[in-house]
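Just below is one structure, and these are the notes that go with it.
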């Protein structure tokens, strides 16, 4: 039993060892100061290809890719520095080198590959000087990128050109021309071709000046020829220009300069000989007077290409936002990894699966039994080493020669096969795309040629005019329309108020058909476009599921974008947001409307007034401080009046002179209250100190009463509806109100892709809330999805806002938000500013020349104010709600509910006054009764004679004192105390 277990465990160990083989590769990626984005794109595509190959089920090993970034190097030190970097990497060991060579560094790679017998797979075209297959070329370098010399010659012969202008970088001209003429002589010995050479500037900023001078020189030459010729030349002399520049950056810079160049005429025909130009780069030439031809090696309709493109743009979002393609160099680098993996597999099949087992131990290369591989043996200090080449180099190189890959194997650039003598790519195919824009872009002619090496142009070239039928998958070939645009366009849209809506049919009216079924902003826009574009006729249909279009996991698109890509529709006219992701899939016109993401909430109920609403113009803190000030000032006036001698008075009362002070505590409170209520009193301070205190109190009451009056007038006559949130920050920083978006739309993509912390926080909240709701639904018997915050359409989101009693906010475009807020039942509103700025555009398939005419028509309508009129018509002129004042409230007259409190206070004051009067009356009555009772008791008590005489004398003395004081007061010297 134990023996069987040991054997079983050993077999498992062996199997794991077999499936865990990792063969290292090394990629050297050079970056430049001006085009660092391409280097990053190449690295990402290399990693993507590594994962693609390692995921294959029929391969029992993995490739382990290591990348080495090569910084910009000076020409003088490049040989030493690059040689040192490659040899240092070789000490660690790898099975294959991958690189993108150029004319500056090709010789270094060539020397190392030959010297060390280390195969190199190059993702740039071959720079070898050998031309014919009879001469043995370097068997260690293989170029995945094909050379275009044969394609150029075939194209020149197809066009029948005898004179061409060749614009190049200088270093590649001799090799390219020798290859072209060698192939031409082999194919057509009697065909004569004259080439005029021009060297392009090394600085891309000088391209425009170079082209202007070039066009001026060509124009001068043609003028001189016309003057020297005895016959009149009715037609201009054609100028056929071949542009052969190194790298996509320089090629695209040349295109931009050509677009801005002057003196260019319709007789010019520019041919770009590399594969770095895409159809989207030609959008600026639809209305130019020149012809442009490009070579394309991608099949954009291939599912593998679409999937890889989607994965690439997921991991790398820089530098290539204006194209739906992949950088050509990055695509060739991707295929180079597949070639390397396939070659290793072939070598193992031919020489045994264990051929490389002894070469790598613990990720260290052992070459011929010695650790590492040294370009310079003396650098190994640990042992005496002789120079030795890579022992498996020739076997791997021979395996590369046997590699045959197609798009079924995952390649992006079609069939890959190498010439066994030259190492160049052979038996490849390409597509030639030629644009001949006319004055009316709707009649622009495109020519497409399918070309295969050794066979030439398939079917003799395929010429067609971009016309659309109801079955848009068919294309009329070889003819021009007899009349402009007699065929109709298929326009796809979605039902979104007020852009596109179904017309209401009144009872008794016939059933609506065709375009008459719809109304709305977009329908009116289509009518205006039809009036301004000759022959523009259309049929409108609704997108299945009312979907705008989002990219699927396999790289395909649904919704309106999907209809455009599969050519079921020609144009998409709807509130379709222009986004970076959609721009890669389709072409957009100029925006016909600008909007942004906004917040929709349920309109709060009108503010209810309580009986103490009159106190709300001032905050509670102000009321407390005012009341405290009242008592404080009253006490202050009382104290300063008590201590100030100038506030005292002498009064004659009951026959006596007494010193009195009118500002008792009771009178001080009354005086201060009267001043606060803007009323007068019969007492005023006489002392300076009392007047200072009173003046400050009067100033205080003036400001308080004036402010209160102003706020009270606005407060009581304005009905405010205070929203629970006023900005996106308020929404994100609370958890009582849920919020969501339309699932799969551009708004959801905005939050998902945003790098703004606030928006990332909101997206994470929406996702986590949805997951919690799904878990609750799984546990629920009803399994209802009505509580989910993500909705399938705008209509569902708006309805959710209306039925959630203020507990749900919907994030949507401002246009729809404003429209719904102005429609019955008038219970929604927009809050806060827009989160971003978006544009709605008309979408067409990439390369459709109709886009240019749409752009011109939209700009014309915008300048004439027609687009603004449409907006006013559908948003404001047909509004059903009272918009009210701009500050969020509506002005109205006072009603009892707003001022009921003051009536209650008045009534309470009157009742309190009467109650107080009653208490005072009872108190006084009781006091008088007690006084009468006391006097009665005194009068009834008999007095002794001695006591009676004493009382009489005291009374006489008191009268005498009063007379004396009266005489003193009447004298001139009498003064106040």
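The backbone N, Cα and C atoms fix where each Cβ goes, and this holds for glycine too.
In Swiss-Prot, the transmembrane segment annotation falls on 899-919 of the listed ranges 878-898, 899-919, 920-940. Between the stretches 601-621, 622-642, 643-663, Swiss-Prot puts its transmembrane segment entry on 622-642. Of the candidate ranges 696-716, 717-737, 738-758, Swiss-Prot annotates residues 696-716 with the feature transmembrane segment.
The membrane topology recorded in Swiss-Prot places residue 683 on the same side as residue 953.
Residue counts for the topological domain 'Cytoplasmic' (643-695) by DSSP state, with H, G and I taken as helix and E and B as strand, are 24 helix, 12 strand, 17 coil. Between the C-alpha atoms of residue 36 (N-linked glycosylation site) and residue 291 (N-linked glycosylation site), the distance comes to 31 Å.
Residue 427 (N-linked glycosylation site) falls within neither a helix nor a strand when secondary structure is assigned with DSSP, and so counts as coil. Cβ contacts within 10 Å of residue 427 (N-linked glycosylation site), excluding its own Cβ and spanning all protein chains shown: 16.
Mean pLDDT for the topological domain 'Extracellular' (20-621) in the predicted structure: 80. With respect to their backbone Cα atoms, residue 291 (N-linked glycosylation site) and residue 532 (N-linked glycosylation site) stand 27 Å from each other. The glycosylation sites listed here are 36, 291, 532, 566; among them, 291 has the most other Cβ atoms within 10 Å of its own Cβ. Of the recorded residues, residue 427 (N-linked glycosylation site) and residue 532 (N-linked glycosylation site) place their C-alpha atoms 49 Å from one another.
Residue 291 (N-linked glycosylation site) carries a strand DSSP state (E or B). Across the fold, the C-alpha of residue 566 (N-linked glycosylation site) and the C-alpha of residue 532 (N-linked glycosylation site) stand 28 Å from each other.
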